[in-house]
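**Student:** Dumping what TrEMBL says about this protein:
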TRANSMEM  39-66  transmembrane segment
TRANSMEM  101-120  transmembrane segment
TRANSMEM  126-148  transmembrane segment
TRANSMEM  184-205  transmembrane segment
TRANSMEM  217-240  transmembrane segment
TRANSMEM  269-289  transmembrane segment
Amino acid sequence: MLGTWEQRISLVGSLGQCMVDFNCFPAPWCWSDVRGRKFVLQICFLVSGTSYALLGVAPDLGFVILARVMAGLFKHTQTLCRAYLADVSLPDTESGVFGRFNAMSSLGFIVGPTIGGHLAETPHGFFWVCTIGASVFLLCGGLVWLLMPDVKPIKTNKAQENAGVAQIIHFIKQIKWSSHWDHFLVRFFLSFATLIYRSNFALLLDYMFNFSAKTVGYIISFQGIVSAVSGFLVGTLAHWYKDHTKLLLFVAVTQTLSLVGLTYAPTTLILMCCLVPLCISNAVGRVSITKITVDRCHKDEIGAVVGLGQSITSLARMLSPLVAGVAQSISIHGPGVSGAGSAAVGAVILSLMSKKPTIAILKED
């Protein structure tokens, strides 16, 4: 069992994370379907950078919440980039393109945690972490403005150019939910499985192995290296499997076994060995679920559906810290057991999905 103060810190952190995940709001993705990916992406980079800058100088909790709500509403840059890649990529190359995109994204998880871990142990470390994060967001916004070719939105009439909340709700109602509910459900359980374990990962490492913030940063960077390498291999793996539903089933089973191993790892070596298949399965799973989502979309609803899929992940991210905090207050192994159980549920749903005769069907409708 964790001590009283560790329990309280974990639960407070869980409540704070729930405030972060207001990004269930789907507007940026829907707007990108009518206003263009480039325009909306620039807005998201600008507001996200501003939110991190404000977070670094926040004088009180209320200011922190304001900054995190801003980030939650607009920090959807990776989702918008995936929608952009879906617009400009050929169907046969999408798996490889998404895999390389995720691999490049993982490079940030190699450098970022290492730098953040070192800065966190210096005077005013949190301020510098937030400042660097804000600068990177603003730099990316500038690069998008200078270098990224725009893709003409499919809906271009005057009313749609001025789309507001009512138009966004209309887009959501137009989505064929009968074609998406199963992979949305799988996305939730697999995301929840990983997120509930990671919610208290640093606290768990400190409790079990007495690791410092710097060491935790190195471990997270190690996960980023494995994910980056895995991302470059996803295209080959997807071509070998030929069926993303079956590939995702393999991911779910691997995730379940990895989380069980991580939960009961007695040594650092075993912990690291179990992290490898978890990182690989997560990298492959992100590409597979994105590919399934895109294949089931009409061309003019890719942004909205991919965005709503990300909202499912955000819902899992919102709930996982609360569940992890409660589970860890009951047992040190609580989050890991809960995560393994969630991944197992996802595997069961995928086993049923794999028996269906068709999975990706809607692009030509």
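Every residue, even glycine, has its Cβ placed from backbone N, Cα and C.
It should be emphasised that the depicted structure is a prediction, and the values quoted were computed from it without experimental measurement.
Locate each feature and note its surroundings.
**Tutor:** Sequence-distant neighbours of the transmembrane segment (269-289) (same chain, 6+ residues past either end, Cβ-Cβ under 8 Å): 95, 98-99, 102-103, 106, 183, 186-187, 190, 194, 209, 219, 222-223, 226-227, 230-231, 234, 237-238, 244, 247-248, 250-252, 254-255, 257-259, 261-262, 309.
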**Student:** Can you tell me which parts of the same chain pack against the transmembrane segment (126-148), counting only residues 6+ beyond its ends and a CB-CB cutoff under 8 A?
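**Tutor:** Beyond its ends, the transmembrane segment (126-148) has Cβ neighbours at 38, 41-42, 45-46, 48-53, 55-57, 77, 84, 115-116, 119-120.
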